[in-house]
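J.: So that we are looking at the same thing, I have put the structure below in structure tokens.
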């Protein structure tokens, strides 16, 4: 059964972007547009984690945190906010948030922080079973280890995020814009060849010993992870 995450933000574009990204990565996602709706949804069907904006109408994110913690609820909470001062971060943590992420942010970082929050609430053996595999390629989001067969591959943060997205969606064609949004974040570049450059890096590293290519170009669309060319 997939992990259920409740995303609470009054900005519809942010809600939908997070829904797409989290769903793409195997989470079951529900949406709320303010704190009152969020508390009602949590009371009726408690999720596994909460992604919570601070500035919202009716009931803001900090008050949601306070109300949950006052009842003894230890639901993992990741707070999002456009304010990034020390005092704002302290206020969020003091209200009961487990982690704090300022906007704008890279979706890659939000996913990493969510994995870290969930690891804290799961037994050790559950965390150890998160390795992702395709063909002879293995990626572990917990240890951040990547292997092609028995060969260890060292990746940068961006290379890892790109490969993680591909391996989470085997044989599914991912559009260029979708990859840019998820790996580079909301302020992703609309021009330039950053994506092509990083795909080239990944290919060189995953094919360094002459292994067959797994990352293929779908001309005019994007990229796909599969055993044979599309």
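Even glycines carry a Cβ here, placed using N, Cα and C.
Checked Swiss-Prot, it gives:
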- 4-118: domain 'Response regulatory' (DOMAIN)
- 48: 4-aspartylphosphate (MOD_RES)
- 129-227: DNA-binding region (DNA_BIND)
J.: Just how many other Cβ atoms lie inside 10 Å of the Cβ on the residue listed as '4-aspartylphosphate'?
T.: 19
J.: Within the domain 'Response regulatory' (4-118), how many residues are helix, strand or coil going by DSSP?
T.: 55 helix, 24 strand, 36 coil
J.: Do you know the DSSP helix, strand and coil residue counts for the DNA-binding region (129-227)?
T.: 33 helix, 24 strand, 42 coil
J.: Quick one: mean pLDDT on the DNA-binding region (129-227)?
T.: 88
